[in-house]
Structures are given as structure tokens and as C-alpha cells.
Amino acid sequence: MEERAAVEYWGDYKVIAELGHGLWSRDVLAEHRFIKKRYILKILPSELSSSENFMRVFQEVIVQLAAIRHASLVAIENVSREGDRYFVVTEENGGTISLAQYLSGRKLSEEEVVHLIQQLCDALELVHSIGLAHGQIHLHSVHVSFFNGIANIYLPEVGFASLLRERMFSTIMQSGSARESITRIRDLLMFEAPEEQEVFGREADVYSVGVLAYYLLVGSFPWGSFPKPSLCMPDSWYDWDGFILSCLQQQREVRPKCLREALRRKTSGEQLQVTLDSCREPLREMEIEDTPTELGPPSALIREGERLCEVKEEQHAFVLVEAKSIDEVMVTTVDSEEELESSEGYANPLQSLLAREPVVSRYVEVEREEIKPQPLLTEMIFIEGGEFSRGSGDGQRDELPVHNITLPGFFLDIHPVTNEQFVRFLECVGSEQDEHYNELIRLKDSRIQRRSGRLIIEPGYAKHPVVGVTWYGASSYACWIGKRLPSEAEWEVAASGGKLGLRYPTGEEIDKSKANFFSSDTTPVMSYPSSILGLYDMAGNVYEWCQDWYSYDFYESSALEPDAPLGPPQGVYRVLRGGCWKSLKDDLRCAHRHRNNPGAINSTYGFRCAKDVK
């Protein structure tokens, strides 16, 4: 953390205001020095930053959370480090308060409870789908944000609360009086599932949701022999009894697998079914006078049925008719051969009618070949392999040490992927998410729009590089056309002119006549002169995703293992190269390294593809 003229900085972010302290972070409102956009920084305390056990789990959780987006979850942009302290950069929100603060002196209507619980269930289902759990759901870990005066669920501690259970209790004991601390800890323990001290998972979250729903409806905790919600809210239209009691099951295996499906509204049809079920048993015990005790042949049944239908209007009786299949009727026994013969005139034609199979023409679907959108391919340049130098002695610390590497030959697209190319990929896959629910692109941050189900490119932007695309989208597109993303080493070698080792892709100097930077928007690809190797837009226009995970000190490892280095085996964020239309001149250097998490979306992020030599 730097101090400049009494202004607090964390990396490229200037602190504007303090927002408070959460369970695992100090939260501040900050502004990026260059792009002038506001973010919320969640700064880890030094004791957590120095804990290897916490940081190992922290890294895994951050990587998973960064890949998903939901209005009720923290939107992670990237993770950075300043000295020995880590901080998480998240999107700015309108401010939140804890659910306990929101409920102070307030009684929620059933509609408000339904709105909040449905949002909580939706967010947790998404978290559970990626293998995470919230843990420690209670009135202080669940927050609410406000939009147009409506309270909405917000979960700032998802994935971390269960890791810091002891820290939370210790903080409570150190603040307030002993009586207040004990009362608050007691209330927190009310939300814990029976197994939660040993196991933190989806089932524990489900139990806590049941406790929270009961508290919001009734105003007390479901402790001991508690009254069902239906007794406290007899006019409710929701099956709160079924939902809450299923969540509060002692055996975690029998709790609901899907919270959204468990919470359902009682329809009139369901209420009618409940009424019928309650009436069925008494009706079966009722006897109708003058009912024959002996079952006659089918013909007699018909005549008896006709007689019973001729009931006078003043006679009223409840009759319960128990349905039987026609097979059961047809095998009804008779007492004599004479009665059997008399029924043949009815039975045989009926059996013949039932045995007759209807003649239905077989439907044969006409096979039509589905026409898939075909890719628009980009011309590629062959980059000859060999030994090259990478890194810089006058750049950032992550560009050191300068060292030699060896690479085999490879092909590289002459320009970044354009909107007209990427839109064909979206039409082919039919979604803006991949099979793992990772966003490929966020249309509102791009120049592609969906209107009436069709994808439309904004006028004049067909030849512009696609933006708003994630690393997942870039990688999926490359796979779709039979290519891949370039490695960080390949990208730098191609940008620096191979063995020439240029400072900028355009040479030793660069100006605004040679590249699109420090401007207001993207430009069509190939609008500026090509590099010495015939590549366009290697400097400016859009940052380009690379295949590698980013590591601050990877060049030290690369210097020891120089043969076709491909980044660390895992990490928090992926590499971006080349600078963009917003960048300053220094960001356009061939050796400059940028990074962000693979799910990050930005109007300055694009990509180009590479291919191996076969």
C-alpha cells in the first residue's frame, strides 16, 4: 500500500471511502487511476494473508466464484497483491446492510418473505452447482441491497463463512457486553445444522434456509416443539409447512435436493386435492340404503344403474363410486350357467370392441439436415521457431528476469477475432454460456445484441474486434474453429518481431498513427500498419487473452525451464497482452504483462487464435 499526499492507494486503485469491515476483509470504495471506474476492494487482514492454509482455500474459492455471475453474489473482477497483503477487486454496488439491521423494528409481509427466500434459494443453487457452499447462513451473514426501494438478497461472505467460524465467534466475544455476546452467539447457533460443526455443505445451507424462512415468517426460532407456520399464518398461499419442515430434517440425506423446487405456491388444485383426501375415509364408511348386496350380471348392473339414476329431486345422498378397470368388470363371476348365457349377448360384443386395435398411420419424421453457421476464417502467419529473448529490464517487476526461451514454429491469426466472426460462433452454440455455465460473452458489454431471438451486430462494428468476451469464450471459439489461444511466450515473440526483440510491435517507438491507444473506442481490425511480421493490432485496440495462467514470478521458473514455457499449472487469473484502446503508451510494450480472472468481462478484452504446425 502506497501513500501519496495523504491519499491511500492499493495498486492502481485510489481509496475514496471506507465501507466497513466484513468477516474476512476490510471493504473500501476505490477508483481506478486510469480508467476512472469505481470498484469495491476487499482487503484481507495481514493475519489471513500470511496464513498458508487460508490462502490455499481462498485461492480455490476465488477462482470458482470469479467464474459465475449472479445479482446476489459478489462480482469478482480480479485479485491483486500489494506487498504482503492481498485484495479482491469487485464490482461497485449500491451499498448493503445486514438482514438483522433490515429487520430491526420491521415486520415483513408474506410477499416480501417469498421474494427474499426465492432470491436466496436461486443464489445458493448456483453456488452449490459449482461445488461450493455458503456455510454459516444467519441474520448477519445475509445482507440486503436496495433497487427502486425493493430489498434484494446479497451474500458477501459466500464460500468463506464456514472457514472463519472460530474467527467470527472470537470477534463477537470481543465486542459488546458478555450478555449481548452470548445472546448473539446463541442466535447464530440456532441456524446451524446438527452436523455443521464437522461438515459444511449443501445440506447445512438447506437447514439454515429453513430456520431463516421460519424466523422471517413467525418472528421466532424453530426451537423445541415449535408451532407450524400454517398455525401462525392460516391464510397463507404457500406450503411453508412442507418447505420448512423438509429443510429442518435431522438427517441431512432427506433434506431437499433443490431449494427452488421445494418452495412452491399452493394452487387451488392442490387445495382441492387436500380436501378430497380428508373426505375420502369418512365417505368410504357411509352406507347407502336399498343398495343390493349381491352383484348381478353385467346386464343387471346396467338396469340397476338406470334405476338409481331416476332419483327424485327431494332425495339427496352422498355416493362414493370406486372405479374399477374394465378387466375387473369382465371377470366378474356369476352364480349359474343360465345367468352366464344371458350375459353373453352383452359381454362378447364388448370384448370384441375393446380388443379391436385402432388403425393409426405411423408418423415418419422427414429428416432435414440442420444447417450450422460456418466460421469465417482468418488468414494466419507462420512464425518460425527458434531461440528468443523475452522479458524487460525497464518494465514491471513481473517482467524480470530477461531470459532466453525456445519455441517450435506456430501459426498466428493476422488480426483479432471480429464481431462478425464471433457472432457465427454464438449462433452455432445457441447460448452465451458454455456447458459448465461459464459466460462466453456478456452482450451488454459488447457490440452484439439479441433482438427478438436474433443476434445483431451494431451498425458499423462488424469488422471491429469482439469485446466483452471472457477467457472461456475465447478458448471455446478457438476450439470451435480447430485452433487454440496462443501461449504468453508465443504472443510476446510474435509481437516483438521474433528474434528482433523489438520494444513495441511497431518498432522501438510508437505513436497514435501506428496503433489505437488512449482513445475512446475500438477501430476496425487492420486499420493501422502491420508489424514487421505482417501482424495487425498487436499493439492497442483490444487486450488479447492468452492460454497461460498468470504468475507474478513465473519468469524465474521459465528461465530454468526455457523449452516452450506454458505458464504455471494453475492460478487465479489468465494472461492478457497487447494493451487496448484505453491504454497508455507504456502498456503497449511487447513485454508488458496484464492479467485478470478467466470469467472477467471488459469492453477492452478480445483475442486472436493460434495453431500448431502439423
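Heads up, the Cβ atoms here are built off N, Cα and C, so glycines get one too.
If you check Swiss-Prot, you get these features:
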BINDING   L19, G20, H21, G22, L23, W24, S25, R26, D27, K42  ATP binding site
DOMAIN    13-276  domain 'Protein kinase'
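Those residues of the chain, other than L19, G20, H21, G22, L23, W24, S25, R26, D27, K42, with a C-beta within 8 angstroms of the mean position of the ATP site C-beta atoms are I43, P156.
When secondary structure is read from DSSP and collapsed to three states, H21 (ATP binding site) falls in the strand class. Counting only residues at least six positions away in the same chain, the Cβ atoms of D27 sit under 8 Å from the Cβ of H21 (ATP binding site). The binding residues for ATP are recorded as L19, G20, H21, G22, L23, W24, S25, R26, D27, K42; their greatest pairwise CA distance is 14 Å.
Summarising the environment of L19 (ATP binding site), the number of other Cβ atoms within 10 Å of its Cβ, over all protein chains shown, is 18. Proximity of S25 (ATP binding site) to non-local residues of its own chain (separation of 6 or more, Cβ distance below 8 Å) is seen for K42, I43, L44, P45, F87, V88, given in sequence order.
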